[in-house]
Amino acid sequence: METTGDFGPVPPGIDLAENQQTQMLGVVITLMIIGTLAVLLRVYTRAKTSQTSFGLDDFLIFAALLFAYGTGICVIISINYKNGWHQQALTDSEFVSLWKLLFAHVFIYSTTVTLTKSSIVMFYHHIFNLRWSLYFAMAIILGYFVAAIVTIAAACRPTSYFWQQYTDPTANGMCIDIPQFFFVNGIAAVLIDVMILCVPLPIIWRLQMPKSQRVAVTSILLLGGFVCIAGVVRVVFLYKHTHSKDPSWTIAPVFMWSCVEPFIGIVCACLPTFSPLFRRWWAILGFKKSSKKQEDYYGAGGSQTRRSRQHASEDEEYGSHDDEAQLTSFPGWPLNFLRGKGSKDDLGLSNSKIQIKNEVIISYSVEQTA
C-alpha cells in the first residue's frame, strides 16, 4: 500500500497495509464474553446458594460490567477510523474521530475500574473486620477517579484542542502533556490494585486455621493479581506511546488493554463469590465417592457402628467445639471464621445452613428371609 493520507510521505520500512485490527477484535470480544459469563455465574451462585438479597458489591460489579462494555464498544468503533494503522494511512477526519473516541474512552475506563475496585472493597467489608483500612482504600479509589476525570476534562483549553492540535494548523489552544498523563494515570491504577490486593492478607494469616486453608483462601484472593499484570502491560504500552511519532499505531494496544484490564478485574472480583457453588459441587462429588467407600467397607451384611475418623482426628487437633456458630450474611465466607474467632468446622457454614457433623452413627443390617 503506497498511498498516503493527510500526514505526509511514508517513512522507510513502514507498510501501510499493516494493522492490528484483527488482534484487537479477537481479544476484546473474547474478554467481553468471559466477563459476561463471570457476572452471570456470580448471579447464579447468589440465587442458588444464598438466601440473602444482592449486596452493594454485586450492584457495583453489574455497573462495572456495563461501563466495561463501553470500553469494548469504543475499541470496536475505533476500528472504523483505522485505529491500529500507521498514521500515514489515516485522513485528518479519521484521526480526529479516533482522538474523540480516545477522549471518551478515558472517562469510561476510569469509571469502570473505579466501580470494579469499589466492588472488591465492599466484598471485603462483608467478610473482614477492617473498617478503617477499607475506608482508606475507598478514599484512595474515589480520589483516583476524581483526579482522572477532572484532569482529562481540563486537559485542553478549549476541549476541542485535544483532537484538533494534530490536524488543524490554525487551531489555537493549549494542553497538558496528554501521553504523560496517561502514563501516570496507568501507574496509579496499578498501585491501587496492589494496595487492594494486600489489604486482607495480614488478617488472613492471623486466622486460627490450618496453614493449608490459609494458603487456599489467600490463593483465591491473590487471583486478583491477574488484573495487576494486565495493568502493568497497559503501562508498558502507555510508556511506548509517550515517545511515539506514530500515535495511531501505538494507541491501539492502549485502547485494547484499557478494555482487557477492566474485564479481567471483573472476573477477578467475581471469583471469590463462586466459593459456595464450588463447595456444593465438591460436596456432591465427595458424597458419591464416600458412599462407594462405605459400601466397600461394610460389605454385603452385618452391623457396624463407628465414629467418623475424620472428625475424631479434628477433635484431637483442634479440641471440641459447640455446634452453634455465628453465620455471615455473605454466602460462602463465615464471618466468625474469617475474623479469627471460629473453628475449622465453621468452614462448612453457608448462610442459614449449618453443616457441622462431629459424629456419624451408621447402622447397617440385612433381614434374613426363608
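We number each residue from 1, going along the chain as drawn.
Using N, Cα and C of the backbone, Cβ positions are placed for all residues, glycine too.
The following features are taken from TrEMBL:
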- 41-280: domain 'Rhodopsin' (DOMAIN)
- 298-325: region 'Disordered' (REGION)
- 24-44: transmembrane segment (TRANSMEM)
- 56-81: transmembrane segment (TRANSMEM)
- 101-125: transmembrane segment (TRANSMEM)
- 132-155: transmembrane segment (TRANSMEM)
- 181-203: transmembrane segment (TRANSMEM)
- 215-239: transmembrane segment (TRANSMEM)
- 251-274: transmembrane segment (TRANSMEM)
Message: Would you say the transmembrane segment (101-125) and the transmembrane segment (181-203) are in contact under the rule of three or more C-beta pairs closer than 8 Å, pairs 6 or more apart in sequence?
response: yes
- request: Using a Cβ cut-off of under 8 Å, list the residues of the same chain at least 6 residues beyond the transmembrane segment (56-81) that approach it.
  value: 21, 24-25, 28-29, 31-32, 35-36, 39, 42-43, 46, 90, 94-95, 97-98, 101-102, 104-105, 108-109, 111-113, 115-116, 118-120, 122-123, 125-126, 255-256, 258-259, 262-263, 265-266, 269-270
